[in-house]
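Per Swiss-Prot, the features are as follows:
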type     : residues : note
DISULFID : 4-16     : disulfide bond
DOMAIN   : 1-43     : domain 'C-type lectin'
């Protein structure tokens, strides 16, 4: 079973997910995602 950090959802394709409400800008949002966790990416 996949164990995700508190506040994160998981299970799909063995990845954890979290929804953030932040202003749209792909480059800034990708940077934000990478800062949240190792290997994080905007999807």
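The backbone N, Cα and C atoms fix where each Cβ goes, glycine too.
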PLDDT averaged over the residues of the domain 'C-type lectin' (1-43): 82
DSSP three-state assignment (helix, strand or coil) for residue 16 (disulfide bond): strand
Fewest other C-beta atoms within 10 angstroms, as judged across 4, 16, which are the disulfide-bonded residues: 4
DSSP three-state assignment for residue 4 (disulfide bond): coil
